[in-house]
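Colleague: Once you've had a glance at the structure underneath, I'll fire off some questions.
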Amino acid sequence: MHFRLNPYRIYCTSVAISSLSQIARYARFGHIENARKVFDKMPEKSVVAWNSIIAGYFQNYQPREAKILFDRMPERCVVSWNGLISGYIKNGMVSEARKVFDLMPERNVVSWTAMVRGYVKEGMVSEAESLFWQMPEKNVVSWTVMLGGLIQEGRIDEACRIFDMMPEKDVVARTSMIGGFCQEGRLAEAREIFDEMPRRNVITWTTMISGYVHNQQVDVARKLFEVMPEKNEVSWTAMLMGYTQCERIEEALELFDAMPVKSIVACNAMILGLGQNGEVAKARWVFDQMRERDDGTWSAMIKVYEQNGFELEALNLFAVMQREGVKPNFPSLISVLGLCASLASLDRGKQVHGQLVRSQYDLDVYVASVLITMYVKCGNLVKAKLVFDRFAPKDIVMWNSIITGYAQHGLGEEALQVFYEMCSLNILPDDVTFIGVLSACSYTGKVKEGLEIFESMNSKYQVEQRTEHYACMVDLLGRAGQVNEAMNLIESMPVEADAVVWGALLGACRTHMKLDLAEVAAKKLVQLEPKNSGHYTLLSNIYASKGKWGDVAVLRKKMRSRSVSKSPGCSWIEVEKKVHMFTGGDSMGHPEQELIMKMLERISGLLREAGYCPDGSFVLHDVDEEEKVHMLGYHSEKLAVAYGLLKLPEGVPIRVMKNLRVCGDCHSAIKLIAKVTGRDIILRDANRFHHFKDGLCSCKDYW
């Protein structure tokens, strides 16, 4: 007997298969409208076709459209209902999925398993467990999904019981169990399952290797890695991250070079690993070699620059990232905000703030604290206070940020007012709060209030007094001229005084001309920080002022033998969203140096007319007077101020940052510059902010 095939039927079947294929392909690539056109043109729509288009809408996160089509289906099967459940779960709508599950005319094991999986996915493991035990029948997938849920919650012992009850243990279940044990640090039990497995796949091997890496057993991981029958990108990356996390960078580089395919994740890990070891150039080389980058790549490279002090390079890379249309992720925005704070790049900081608002990240309390710090460090206290006032509820970090901000700007009254407001709201201050409050008292000469607050730390607020708080008190007493009392406080400290404490005393001694005590403090500082050139310079000048030239020579010899070199003074200013950096003594390092020199000459003439005379005590005593005047004239902050006068229009404050403490001569000069030019100048040095206006400074000449 011979059967003849109907050509029309074959044609219709092939058209239907082709249409289903097109629907699936369009949906997969996000072209759901095209998929719908193909579906609408189908002369006969089977249940499979309806299921396919509904799945496409769910795949493209259009659950409402999917449900409308489901309701229009002329006939449905259990697969249709299961597709609706799975679609809702994929879109995070687990309660809608449960309603469908409860309405189903008939359910199979796939229906039950899909619902259990949905609960597990949403972290509702108790609900998943309850449903799991109601299942009329369970297959290996059901058991494995429930097992994964318990492991996800860290309930490893209960997972063990489920694992032992499983009638059939496939490779997925065993691999899940290995991962669970590794998460809990129970490597021996994980290895026992691994060794007993009749069959392992590449995921099993990688899970075991990752477990060893996660538990800092990198050498054991490497031995297992070497005997893997096959390796994929994930295996190589897991092993690589083991080395980078343990800072074994040479071995990481060796493995990275051997990788047959260098995935984006592997490259990102390598960039971060190299950055943590200070290998910035190598990290950038890896970045530049990458054909494809994700937002994590850009974030990693920006982080490397930030961690290693390459702030300008980090900001420039962020600008390139934006020009290339890469949307920055949350970590890179936070990194860049920190950079804007470090460089006082207010315009860029405002730009990042705008991006955070558009992404609704600004509603996060941590982000608000970072924004406050950024605006404070950029010298814009008004904007910092606006962010602070708009946010509720406030955590302790936010309160500390605004208190410290007021303190750094010399606004002691405002800092204390915020502190008392915070206490009235029953928010307990911590050790950071008191550093800010005591600094505020110090900067504004509130000795009585400062002493009372210091005494109340332990008795009233149960906050232990640390060296930082003693340093604030030494500074407070020293500023008020109570230098001997400050020394007595140091001698009564329950812990050894550090360089910050002795530095505070030295500052007071210099201001009040207590040279004998200054010599004691400077000697202590040289002992505590033998590589800090500033301490040697101060001690050398103290010796020179007393005519102890022999001691000066001995100190210089000690500096040479210890290879101590002076950190160059560096100042920067932002003009038209670009940061311009100036180094002390280097008047030739800027492309517009001729204009800067002319401005400096003009300023010098105006200052001389106003009665300014350079103070040579702020350079080494054994340098002749003419050279002292030259050296003082090219201090980095003066170069930056000159550039600001050249480039910034009248009415715009000149904001300059310096990496070191501003010297006394520059402080006096900038006060006069503000007066003779009628400009507001804000200078942030290593210690605090100085607001210069009309010949006065907010620090009242004590810093």
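Every residue, even glycine, has its Cβ placed from backbone N, Cα and C.
Note: TrEMBL annotation is automatic and uncurated.
Below, the features straight out of TrEMBL:
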REPEAT    46-76  repeat 'PPR'
REPEAT    77-107  repeat 'PPR'
REPEAT    108-142  repeat 'PPR'
REPEAT    170-204  repeat 'PPR'
REPEAT    232-266  repeat 'PPR'
REPEAT    294-328  repeat 'PPR'
REPEAT    395-429  repeat 'PPR'
DOMAIN    611-703  domain 'DYW'
Colleague: In the repeat 'PPR' (108-142), how many residues does DSSP put in helix, strand and coil?
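Modeller: Split by secondary structure, the repeat 'PPR' (108-142) comes out as 26 helix, 0 strand, 9 coil.
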Colleague: What is the three-state DSSP composition of the repeat 'PPR' (46-76), stated as helix, strand and coil residue counts?
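Modeller: Helix/strand/coil tally for the repeat 'PPR' (46-76): 23 helix, 0 strand, 8 coil.
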Colleague: What parts of the chain pack near the repeat 'PPR' (294-328), using Cβ distances under 8 Å and only residues at least 6 beyond its ends?
Modeller: 264-265, 267-268, 271-272, 274-276, 278, 280, 283-284, 287, 335-336, 338-340, 342-343, 345, 348, 355, 579, 581
Colleague: Do any residues, 6 or more residues outside the repeat 'PPR' (108-142), come within under 8 Å Cβ-to-Cβ of it, and if so which ones?
Modeller: 78, 81-82, 85-86, 88-89, 92, 94, 97-98, 101, 148-150, 152-153, 155, 166, 168-170, 173
